[in-house]
Amino acid sequence: MSLKKVYRKTGWLGAVVLLLTACEGSQSALDPAGSAAELIARLWWPTLFVATLVTLLVLTLLAVAVFRAHKKHAELPLSVRQSRNLVIAGGIILPLAATIPFALSSFSIGRTIHAPLPDDALTVEVIGKQWWWEVHYLDEAGDRIATTANEIHIPVDEPIRFLLSSDNVIHSFWVPNLQGKTDMIPGRTNLTSMTADEPGVYRGQCAEYCGTQHALMAFLLVAEAPEAFDDWLAHQRQPAREPATDAQARGREVFLEAECADCHTIRGTPADGEDGPDLTHIASRQTLAGATVPNRIGHLGGWITDPQHIKPGNKMPPSELSPEELQTLLGYLESLE
Amino acid sequence: MTVESPANPRDLTDSPEQTAQLEHTWHSPGGFIGWFTHVNQRMIGKRFIITAFIFFLLAGILGVLMRLQLAGPEQQLFGPELYNQFFTMHGTVMMFFFAIPVMEGFAIYFVPLMIGTRDMAFPRLNAFGYYVYLIGGIVLIGSLLLNMAPNAGWFNYVPLASKEYTPGYGVDVWTTMITFIEVSALTAAVELIVTTLRMRAPGMSLNRMPLFVWAALVMSFMIVFAMPAVIVSSTLLILDRLVDTQFFIVESGGEPLLWQHLFWYFGHPEVYIILVPALGMISTIIITFTGRPIYGYTALVLSVVAIGFVSFGLWVHHMFTTGLPQLGMSFFTAASATIAIPSGVQIFCWIASLWGARIRFATPMLWVLGFFAIFVIGGLTGVMVASIPFDTQVHDTFFLVAHFHYVLIGGAVFPLIGATYYWWPKITGRMMSEAAGKWSFWLAFIGFNVTFFPMHQLGLEGMPRRIYTYVEEMGWSELNLLATVGALVLATGFGITLVNAIWSLFRGQRAEPNPWGAPTLEWAADSPPASYNFRHIPVVKSRWPLWDWERDRERGVVTGLRNDRREVVLTSILDARPIGVQVLPEPTIWPFVSAVAASLGFVGIIFHPIFFVIAFFLVFFSLVAWFWPRRPWRKD
């Protein structure tokens, strides 16, 4: 049996080709849209190139070594001096030549990424929950001025400071298109920053195993023009709009009388529960349940009646509402833009 | 005791009666009860190997089940609760109940044979270590069947693993069983260190020791220094959970990162504890199948020792995203990249040794060549993740899953399977089928790469680890399906080796004492070895004693050891000059009883602290019985 197949790295080369071609996505480190992710991707591509060269070099040498005397009558070994030189060149010089520039560029990129932010940078506080994200916008004094969940808006071309923490287990905050991940650890407040270079909707996902529904703990990061962002933030600072119709008013009654208000806050109403996401402007968000399903009325209804179906194990209990109550409640929530 | 050099050891005056008496002295009792009294190193080593491979099979099945779940988006074969138990158990069983014990098992079986002695230094401790391991494994697997398996990950981070966030018995089982398995690992490590340093055949100075023995020695020292860290951390956690200490509880001033430091201070060396013996296996196989001395013996030994040292300075690279200070973490980038040097030296020593040799492409050699292709890729991605900025993108993603499977399967499991084919005839007296071995290799090699290579890309495209499902819009479906297909091929490949092993026990060709023409002492024993390993303890003059004997047509042996009790030669640490004779203990049930008593305590405290007290006294009394003074002179 021929050993030549050993070196035909099955599945390997093909996958490299895939790697080079398919790298677009809203949650991809290979499709950077922010300065930090851009720097890291710029470290990645040359590293991949060098690593591929080293792999090919080592495997070629191995192939030569193995097949040199194959089917010959005598051995064709290296002399002791040649062997020594090979080991020094391949085992010491090659690793040093490859890793020293790599480590130095890594340090340099790390310095750039962690450069101090201007004092007046917009500050967003994100708190990891099981299994969703609580988001607060802070003013320059550090006071919370707006609260939302699972959807973060930022202005483009502006460095944003993120204060990351958790009051339960460890989570990790990660928007691959913009920046590497930073853990949210109880008892600590970690700091990271992002600058989005282009407007867009990027997906982030929890990257530290945090229990049952770690898999479906995601969020959207919306980078938009500064004016649009200012409008959005001004709107989010407002309390919830008053019901415009009787049906919506009845929906609000349902919300307040059912157990919803025990866990959820709707600013401007008596509902001030803190266990679940703030719903003051829920209708303005694109997704539900931690970026698991689109925010449409069908999904919202399904989520309220049977949340364990969409996201098994999550902490929202099913609601026992009559169909009519559900309709009015949905009508009210849909109005909370 | 004297050292002689007769032309042929058969010329020594061994009457059949004397050999029969020696056989009787070293005989392991039969019968069901007898089975629990065995202390012989080959019995214990074999049990470690078999038990570990059973755990490999179970954890491998869990791996395939996870791949089936991830084959497509939003699949519901298993809910999140069960899937989380699966990946926790897959990691825990593979790392703690397969990888370390199987390497220990091979070391326990082969180190005494390779250094030319008849047993290990503390045979009863050896037996105790095995039973502790077996009971721990059974309890852990049992917890999965009772649907109360741990589900906080094999790394078991707090506060997720604290009582508040993971109530129930799962994490308690994990914590106590980990402590348990570490006790087993420590006994094996102490055992291997003393055996290697004091019981080598006369003339086998340290610089003539087989490379696998060096690797086992380094592994053992690493176990001694690494395991206490995880014993401490899991003890702190079980105290938190059982008696409400607050080591990790933030509200009371506890520190979650303390767990991570302690765990990875163990966890990183752990990877090399698994890798280092595999490196020894590779050297062993390369020497035999090139049929000539290896190039760079000293460099290889120093590389393994260097890896052992440096591996204790890498643990923070598992914590690059925790927000520790950048400058401090940079040290760990440099240290992690440093590992490339001893690894590179070894790879190129092997290439120099293979260069132009007339290699026999038997199955063990194929697995070793497969190792090269896979391990080089795993090593290079390892250097990549040493970079803090890059690691923040790929940490806890499928890129990491790909990386460490390349290192652990390519670096440890491939050489391990090669070594299994290589040493199988010595253990069983039968050869495994070469044809099936090659099929197994090619399927595993192709299946492995198809499974794990796409995961690099999945990780870069943002797919985190430890997720039981993903939504279709993520665009990860095709590569996941590919990986699942690969996993089935990989499983088939390993399955063929399993069938091959069982088949060979009944139908395999009978093996000569030295079927591969190897140069190390284990091949001087019969296949399978007699109960006493060597009729006469050999004397060694170089690194390749069997090749010497073939060339010189003479061999030195030790004579004068008594046949009526279990005597072994003790030698000096550096030069292996004979300095004494040690009488080893005989089979006994007490290590088993002690292990059961200790297990009662470890398992019992999950339910009530009183078991700690009960087990304390039970273990005390069983140890008294175990260590009751022997009076060998009474037989004189």
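Along the chain as shown, the residues are counted starting at 1.
Even glycines carry a Cβ here, placed using N, Cα and C.
Caution: TrEMBL annotation is automatic and unverified by curators.
The domain 'Cytochrome oxidase subunit II copper A binding' annotation in TrEMBL covers A:119-235. Taken from TrEMBL, the feature domain 'Cytochrome c' covers A:246-337. Residues or ranges marked as transmembrane segment in TrEMBL: A:44-66, A:86-104.
The list of residues near the transmembrane segment (A:86-104) in space but at least 6 beyond its ends in sequence, with Cβ under 8 angstroms from a Cβ of it, reads 47, 50, 54, 57-58, 61, 78. Counting residue by residue with DSSP, the domain 'Cytochrome c' (A:246-337) contains 44 helix, 6 strand, 42 coil. Note: the domain 'Cytochrome oxidase subunit II copper A binding' (A:119-235) comprises 13 helix, 61 strand, 43 coil (DSSP; helix = H, G, I, strand = E, B). Summarised as a single figure, the pLDDT of the domain 'Cytochrome oxidase subunit II copper A binding' (A:119-235) averages 95.
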